[in-house]
Amino acid sequence: MTKALSGFCCSLSLSTLVRSSSSHMDSDIVSSSIDRSQTAMPDALAFKSINDPIKNQINSCAAICVKQDDPCHFLRVLYESLITGGLAGVVVEAALYPIDTIKTRIQVARDGGKIIWKGLYSGLGGNLVGVLPASALFFGVYEPTKQKLLKVLPDNLSAVAHLAAGALGGAVSSIVRVPTEVVKQRMQTGQFVSAPDAVRLIIAKEGFGGMYAGYGSFLLRDLPFDALQFCVYEQLRIGYKLAARRDLNDPENAMIGAFAGAVTGVLTTPLDVIKTRLMVQGSGTQYKGVSDCIKTIIREEGSSALWKGMGPRVLWIGIGGSIFFGVLEKTKQILSERSQKSHNA
């Protein structure tokens with residue numbers, strides 16, 4: 001009996017010990033599990049908080065890509081480009097036309113020739129009629145082409161996209177720009193009184209091809225000019241935005257536009273002199289072509305004559321670049337905000 005009772009007590013103690021031990025083990029496991037879960041939760045939350053902006057950015061980029069592939073997006077870009085380009089071109093031409101007239105008269109004058117300072121707005125009305133569609137057409141080609149090339153080319157070749165888009169825009173818009181330029185410069189040099197008379201008499205004397213006099217020299221000047229000016233402008237804006245870590249304001253856009261215009265104006269002055277001489281000569285055919293024009297100018301007037309009118313040209317394009325790109329970016333911003341509001345509504 002004593003042995004049995006002793007064995008029962010021993011068994012009970014052992015059972016209690018086992019249950020106690022098991023209970024402690026279970027509580028340790030649970031406690032350990034809770035500790036691990038509590039430790040893991042901040043990490044998971046931290047990962048989620050880091051991951052959410054990335055997901056949002058990816059989703060945003062994907063939405064933009066889908067939106068850019070939408071034909072409606074292309075039409076909107078085209079529409080906005082036509083408006084911004086046309087408006088900017090007209091504003092610059094109207095504001096700085098007298099400086100352009102002075103530049104043209106200086107370039108045409110031979111040694112000892114007198115510069116006429118009257119009628120500095122001669123031909124402005126007819127010129128604006130051509131500048132509006134020409135500028136609109138340029139940007140209608142430039143902006144969509146630029147956006148398409150930037151999507152295809154790597155980031156380190158963005159300058160190539162700007163160069164190519166500028167050259168292509170210049171080539172397409174030259175269809176309208178050249179006749180406009182021919183009429184403008186002949187009126188600036190006093191050959192005609194009004195734009196309609198100029199068009200009628202040029203076609204009567206020289207045929208329809210007279211409206212495209214100096215077309216080759218125009219492309220020789222304007223394709224490099226358009227490509228360089230817009231490449232310099234776009235690249236400077238990219239660099240400035242990266243350095244400032246914000247969008248540019250209106251004065252900064254105007255300042256960069258002025259610099260890009262002035263630099264490009266200096267580099268392309270000889271090409272502008274050649275183009276002007278060929279366009280204003282009319283049916284007299286003093287120069288037989290680009291190469292003959294260069295040789296004749298150097299032989300008769302010296303190589304310095306190729307830089308005639310550089311001062312007014314740089315002033316005109318520098319100030320013009322400031323106004324042009326300032327108006328351009330502001331108009332783009334206004335149209336973009338209106339489009340965003342209508343989309344959200």
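Each Cβ is built from the backbone N, Cα and C atoms, and glycine gets one as well.
As written in Swiss-Prot, here are the features:
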| type | residues | note |
| --- | --- | --- |
| REPEAT | 76-148 | repeat 'Solcar 1' |
| REPEAT | 157-239 | repeat 'Solcar 2' |
| REPEAT | 252-334 | repeat 'Solcar 3' |
| TRANSIT | 1-31 | transit peptide |
| TRANSMEM | 82-102 | transmembrane segment |
| TRANSMEM | 121-141 | transmembrane segment |
| TRANSMEM | 156-176 | transmembrane segment |
| TRANSMEM | 254-274 | transmembrane segment |
| TRANSMEM | 309-329 | transmembrane segment |
By Cβ distance under 8 Å, which residues at least 6 away from the ends of the transmembrane segment (156-176) in the same chain are close to it?
130, 133-135, 137-139, 141-143, 145-146, 149-150, 215, 218-219, 222-231, 234-235, 238
Tally the residues of the repeat 'Solcar 3' (252-334) by DSSP class, grouping H, G and I as helix, E and B as strand, and everything else as coil.
73 helix, 0 strand, 10 coil
Is it possible to list how many residues within the repeat 'Solcar 1' (76-148) are helical, extended or coil according to DSSP?
58 helix, 0 strand, 15 coil
